[in-house]
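S.K.: Handing you this structure, nothing more for now.
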Amino acid sequence: MSTSPPLPERPPRILPLYRVWLTYLLILINLGVFLVETVLGLLWGAGLNATTNTCMLLFFGAKFNLFIQAGQYWRLITPIFLHIGIFHLLVNMFALRILGSDIESLFGTARFAIIYLVAGVGGTIASMLFNSSISAGASGAIFGLIGAEAVFLYINRDSLGIFSDDRLQSLLGVIIINLLFGVAVPGIDNAGHIGGLLTGALVGWLLSPRYEEIPATLPDGRPVIAIRDTNPLRRSLPKVAALVLVIVVLVPPLSRYAPTDHIDVRVARACGYHITSR
């Protein structure tokens, strides 16, 4: 019986990877903000539950549609670094440790920072438009990292081979489970998660490394495939800058359509604020 000859082995790929450090700094910043909020809550009489106290959340910059309509657009950024309770913080920091390390090592620190911040803002904007509740958390930015990694795997599926397919299936499972969990459990900001996911995918598409394979040889003569990134930051940054400019221009008119609750003014006044929506 004849047998077909074995297929030649595919030469190993050498991926360009970057040093990870900003991921750990972001985790420290989030932990630091949580600690400061807790300490100030004790000093100001809010007790140990300061991070779930409405007035403390508003003071530290949580998303509150009434205030955003009044011109406090910085509240689209600050919620990314706030968390409501210790469980919320720990879950998000665990996810950031895993996903952040992946994206920062593959994209580099600068591109990772852009994706994280822009996706976080995109998540807050989506929350502003579809959720009237006070909200905070890094979840939108973290979902943005999932979107960016999914796009990266799809773009470079030829170079990454079966790893790309397996990882994409895993990410899809993570997305579905989290969205179903968000539907089943009250108080979870699904709009922010979806907004962050889509924004991260869009920014990831613009910034993602695009691999080109270059045959090479190791000093011992073994063949390898070197990988070159054909989409460096200097090439993709103008497109991202244009996207950010569009977001900045659209936020003020969009904020007028943000839903508010009839008790929002009373909540603001109870916390010592005296403003009205525009």
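Glycine is treated like the rest: Cβ placed from N, Cα and C.
Feature list, courtesy of TrEMBL:
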DOMAIN    71-209  domain 'Peptidase S54 rhomboid'
TRANSMEM  20-44  transmembrane segment
TRANSMEM  80-100  transmembrane segment
TRANSMEM  112-130  transmembrane segment
TRANSMEM  136-156  transmembrane segment
TRANSMEM  168-185  transmembrane segment
TRANSMEM  237-255  transmembrane segment
S.K.: Over the span of the domain 'Peptidase S54 rhomboid' (71-209), how high is the average pLDDT in this prediction?
M.R.: 94
S.K.: Let me spell it out: take the transmembrane segment (168-185), skip the flanking residues so only those 6+ beyond its ends count, and list any with a Cβ under 8 Å from a Cβ in it.
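M.R.: Same-chain contacts beyond the flanks: 143, 146, 149-150, 153-154, 193-194, 197.
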S.K.: Mind checking which residues of the chain, 6+ beyond the ends of the transmembrane segment (20-44), have their Cβ under 8 Å from one of its Cβ atoms?
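M.R.: Long-range Cβ neighbours of the transmembrane segment (20-44): 50-51, 53, 56, 60, 81-83, 86, 89, 92-93, 96-97, 100-101, 104-105, 109, 112-113, 116, 138.
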